[in-house]
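Novice: Submitted below is the structure of interest, expressed as structure tokens.
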Amino acid sequence: MDILERNLELRERQRLEGHTDRVWSLAWNPAAGVSGIPAMLASCSGDKTVRIWQQDPSGSWDCLAVLEDTHTRTVRSCAWSPSGKLLATASFDAATAVWEHIGGDFECVATLEGHENEVKSVSWNASGSLLATCSRDKTVWIWEVQPGNEFECVSVLQGHTQDVKMVQWHPFLDVLVSVSYDNSVKIWAEDGDSDDWHCVQTLNEASSGHTSTVWAVSFSSNGDRMVTCSDDLTLKIWDTSSNPSETSDSNCGSWRHLCTISGYHDRTIFSVNWSREGVIASGAADDAIRLFLESKDNSVDAPSYKLLSKKEKAHDMDVNSVQWNPKEPGVLASASDDGTIKIWELLEVPR
Amino acid sequence: MVTGLINANPIVYERKARQVRSAPTNIDEYADEPIDQQEIFDHIRDIKDPEHPYSLEELKVVTEDSIEVNDKQSYVRVTFTPTVEHCSMATVIGLCLRVKLMRSLPSRYKVDVRIAPGTHATEAAVNKQLNDKERVAAALENPNLSEMVNECLAPTFA
């Protein structure tokens, strides 16, 4: 039966408490959660700490570690390296810290400094050889991972006219996407011959893009689509018919606007995440989580995404982050201004 | 650096007399009383202007009518009017309003703060900044700005 015909509901499995301020962002450890290795989740908060949560054999979640005394201001974003051994954390204190999981401990092994002010997001590329950060200083920095936990800045990308809210690498290509307070989405790639990075495409209002701050971006698992969410209360799906790394010399990339999902959230949409199974989750300032799936049954021309499920009052306050567990289909984590993290399970319920 | 005052001679209005709340018709003292316009106004009327020893009420930056509230939907919108069109303090005033409401209202409340349409040169930019909670959070971690906000809010906690 078509999944859209089924009655699916997000059921709360556990509420994780411990942060003493709003929780901004979450990251699932990509190397955990299979073959006996317990699932692991990192969360970061306005309380200046990062918490690591681990699932015990009974399925219950506990706080394994609290990473503190390094960042002096809000920790805005966190990201695991593909191997799951390193965790990068970006803070309003203008620094990005890198933590190594050694034994049962997390040790700060590097601090990346250079941004003028608040760092808002951090992302590892697919191979774990590059790290990208972005800031209120309007720039995006690309760092190369060197032996011995050294990080060298290889490029400072300028192009956004306002603070950059989030950076995200393509799931397998060295193509970077940044989204901004200037309402635009930018695609960055490396020049074939010189080692220079440059902007290959800008998706703005003129390209059917957003009309207010773009807060987040997420790729589909095969990398040929991405979804962005915005203060303009919409989600937008972008499609690349050709390989996104194959861009011409002129400033025209291969991404085009596919469709806009609107009318579902009535306050700013802060977070969006595309699952491996194709379900798009969105979390917003209306305290709700919504799930969308591409509808295959319609006519040939216009692809469309339908509401699969909704959870009103998912949290008591704004939902800042929604992240699908990459290893366990249907398991979603959410973080909120109410200081809690929730683990959800997408279940079929009788009508 | 600004050397002089932005608005050296603001018009100062008389403060409205405190309204005595009408006696509750419901005798049950534990019954929920919905939050109304007057209650919101009482939270913000005494906020001090960042550059004058007057309150936002005395400068008519806020009035009772500039508040829209829907208690059932936990929503409030405050529209404020800067004293001059080029007032560079507009962002600070807006920040004070937002912080005061954040601290005074139940957490279920959604708050929007905006400049009265047509009363400020960079209205859209200020509104965007005031309603970006990440920018607000970062601003409040700035010691100078935070001190300024707390100074303006001090009279409201008197």
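The backbone N, Cα and C atoms fix where each Cβ goes, and this holds for glycine too.
Because TrEMBL annotations are produced automatically, they should be read as predictions rather than curated entries.
So TrEMBL lists the following for this protein:
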{"type": "REPEAT", "residues": "A:16-54", "note": "repeat 'WD'"}
{"type": "REPEAT", "residues": "A:68-100", "note": "repeat 'WD'"}
{"type": "REPEAT", "residues": "A:112-153", "note": "repeat 'WD'"}
{"type": "REPEAT", "residues": "A:157-188", "note": "repeat 'WD'"}
{"type": "REPEAT", "residues": "A:207-248", "note": "repeat 'WD'"}
{"type": "REPEAT", "residues": "A:312-346", "note": "repeat 'WD'"}
Novice: Top stretch among A:16-54, A:68-100, A:112-153, A:207-248 for CB pairs under 8 A with the repeat 'WD' (A:312-346)?
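Specialist: Maximum Cβ contact count belongs to A:16-54.
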Novice: Using DSSP, what's the helix, strand and coil tally for the repeat 'WD' (A:112-153)?
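Specialist: Residue counts in helix, strand and coil order: 0 helix, 25 strand, 17 coil.
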Novice: Could you count the residues of the repeat 'WD' (A:157-188) that DSSP puts in helix, in strand and in coil?
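Specialist: Computed counts for the repeat 'WD' (A:157-188) are 0 helix, 17 strand, 15 coil.
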Novice: Helix, strand, coil residue numbers for the repeat 'WD' (A:312-346) per DSSP?
Specialist: 0 helix, 18 strand, 17 coil
